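For reference, TrEMBL has these:
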TRANSMEM  12-29  transmembrane segment
TRANSMEM  41-59  transmembrane segment
TRANSMEM  156-177  transmembrane segment
TRANSMEM  214-235  transmembrane segment
TRANSMEM  247-266  transmembrane segment
TRANSMEM  297-318  transmembrane segment
TRANSMEM  330-350  transmembrane segment
TRANSMEM  356-377  transmembrane segment
TRANSMEM  447-468  transmembrane segment
TRANSMEM  503-525  transmembrane segment
TRANSMEM  530-546  transmembrane segment
TRANSMEM  558-577  transmembrane segment
DOMAIN    613-808  domain 'YrdC-like'
REGION    827-867  region 'Disordered'
COMPBIAS  846-861  compositional bias 'Basic and acidic residues'
Amino acid sequence: MAEPRVEIESLHFSVGILGITGGSLLLLVKDYAQASGNDLIPSTALGVLLLIIAALLAYAGVRRSLSHTPLFVSLCLSISALWCGSGLVYILAGEGVVMGEAALRTALVPGLAAFTLALLIMGVVGVLQREVVLSIIAFSISLACAHQIAGLSDAGFGLGATAANYLLVCLVGAYFGSGRLLSYITKGKVQPPGTGLQKKSKLTPSQAQELNDAIPIGLVMNLLSASVLACPLLGVVPQLTPGLVPWLWMAGVFQLGVCILSYRAMDTLAATFYGYTAVLKFAEGYSLLLSDFNLKVYSPVPFPTVFSVLFFILAVFSTQKSLAEGLYQLFYVAYCIAIAAQPLGFFQAGTQGVQAAIFVASALMLLVTLHNMVLPWRLPTGEGLLKAVLSRTGRLTLRLHDKDLHAPYLGYSKYADAEVLGHGCSVLAAFAITATVGVNGPREVLILPWAVVAGGALQLLCGSVAFARGKTLESTAFILYGIMWTVWGLTRYGGLYGTTRGFNVAVGIICFMLFNCFVTAGALFLSKAWFAYALTFQLILISFLLDAVDALPYGYDIGVTIIFGLVSFYCFLANLFNSSFQTPQLPLGDPFIKLSGFGGGRESCPHVPARKATSVQQIAEILKNGGTCGMPTDTVYVLVAACNRPDAVEKAYKIKVHAQDRPMSMWISSTKQLEPAKHLINPVLWDFMEAAWPSSISMVIPRGPWLDCFGLGESAKYIGTPQSIAIRNPDCTVATHLMDLVGPIATMSANPTGEADTTHHNQVYAKLGDKVDGVLCDGPSPENIASTVVDCTKIDSGHIGFFRVGVIPKSQVLRIFEEVQKKKMTGQVNPTFEPDFSEPMEGQQEELKTETAHPVELDPVKEEDES
């Protein structure tokens, strides 16, 4: 299955290179025409075409973001952002929003300056990595942006040079992209010289685990916004204008994408940081947009101060990744303090000065991050420094950041936990609405983006991630609160609400209160912290209701929002602390009401990772001592007990709800475990077992004295029927190793009778609760289909049937059986078997005979009905 993945990645590489080529060709035509005094492409059409190409490049970059190719991903997404921002500015110019050459220059120069530096850094790293094509493209587009800046002042100088650089991109990109596409179409048979993909550099396991290809593009967006806000201070442009809003909001959108990709890369700290910086980008663009309406947005003190506290805590915890990353985030602490210190926030020299520092710091971090991602020799960033310091103190133990840290509650999730960001956004939204609306209307106070983006959009994102992780209540709460913050923010602080008070608004708020009552009731079963979080949000909803009916007591809304903000802050800090440190833990509190199931299962039995040999040995000891455990297989999860412990077999049988008509089956690690009873088994059946196993094939064979060799005793009645028994050798390394340590095991599916099969170890907790003594955890099942059950009770007469066709197709089973029969016809039979065992056993049930060429399928059964 590896070759198709390489082909798909090659196709995405070709799409990205050809997309860059197409956009360069478009700009090439535009610049050559303008240099000669013509305008072949209208500004609006140029902007729309650039947006389409930017979307294509974003698709290629996102699809490659988990393939450990950070330079290509950064290049694609950076050029996508460059052409997206430029396209929006050109559309505004074409529609008359940005009027005149001076306004167009002011709108384009800050963005072009940022991408000139970013692409120059990528080109340097490409040279160090010997990525010739990518470095040529990066250098060429960087020089094109620099010449375009010059062309905005002197068209005779800049435009011709800009077109020449884009021409080089077109030539290199067309040849290389077409060559890769031709290689993909011909499956590697035709490959032009110089178009082969370079093999990835070998990374250490720690580097591969920490690799997050989306981080560089997040740094580029920070570089962009810093360039926009610092340019007026440095005199590059005369002042901030609404024409710069597309750059800021585009940067915010891209950083939301970085946030999602960071969750996909299991990097919670980076996802939280870039989620916060996205909020700043939208707030900066909102303030700049209102300046066109002669509104100077006032920034109250509370929430920038709270934001600086959140950034500081996040910076401290980010030092566990590297000291440089923690120090870099401290710049945003200073930025938020500067916003709080000056009433006009983003328009003051103090905040713009901090942004100039962020510009330099972002450029350095981009160079260091890209270098350390793509090259085996790394620049020092203070990585592991915090771990070394804590190991000396012994008071705090860092949590290992492996895949078990982000294991989902139920089902399968590809995302890390998003509760840290969700609770942090609740803190921001709560303290934002404590600001008093002035006499000139709600829009003059910077509240709307904090409530709508932080409280609304980001909480909807966190709710989606929580839903993917199986956290139903948390997902419901985040989505409900996100919708409420969005609706209330737009109506109350977006100018839609005004001074209107009445029954209509009150009815909508009452509906939200009813929904939150269910969330609060559900939080009783989750934790005390979540109950307090839901309950205090109910108090905020009550303040909204009182405001809607114009009966709000003085100070009530500020009081309850502060209480809700403090509860949210504790949840933010506790989740961040507990996900970073193994010990000690900040308590979230046990649920007020405890039920058996997931929570009970985790507390009562060990849940250990299957990839560790010590974990398999631990589960083996539990089985040897008479315990029952959940175990992964090559199909779905099963409940197992050792056959030589009759008490454990009986216990496992009684765990299943209404399982009296669902017999257990026997599993072995290989046919060697049947050696003591080999002389009692039909020779053809033995040959069929050796040919078909290990696999997802279960064989229903006649019951007989051979079963007494395994120590089942009286519990043998729970395995199979009085006439037959199902036996299987699974194609699963973990299960085979466990049976090598324990011996043959009795199995049945790990789900109550009548429910769906269990396809994840966390579902074992949810469905069987504290009834099992241990669970061997291996994430999602490789197959969601059960095994193929073959009727071998008449195999001595040359007939087999099918109780169920599962993972293994019928044709494959029949082909294996035909090969066994051919060996029998040529006389290749083991002479050690007893010659009289092939006669039918007394009491054997009559099964439907099935010809090999015309098999008859019996009624389908579940995994536990293999007998």
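Going from the start of the chain as shown, residues are counted 1 onward.
Just so it is clear, glycine is given a Cβ too, placed from its N, Cα and C backbone atoms.
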Which of 12-29, 214-235, 247-266, 447-468, 530-546 shares the most C-beta pairs under 8 angstroms with the transmembrane segment (41-59)?
12-29
Do the transmembrane segment (297-318) and the transmembrane segment (247-266) come close, with at least three CB pairs under 8 A (pairs 6 or more apart in sequence)?
no
Check for me, if you would, whether the transmembrane segment (214-235) reaches the transmembrane segment (356-377) - at least 3 Cβ pairs under 8 Å, residues 6 or more apart in sequence.
yes
State the residues, same chain only, that lie 6 or more residues beyond the ends of the transmembrane segment (356-377) and have a CB under 8 A from a CB inside it; answer 'none' if no residue qualifies.
70-71, 74, 114, 117-118, 121-122, 124-125, 128-129, 201-203, 211, 213, 215-216, 219-220, 222-223, 226-227, 230, 233-234, 324-325, 328, 331-332, 334-335
Take every residue in the domain 'YrdC-like' (613-808), average their pLDDT values, and give the whole-number result.
85
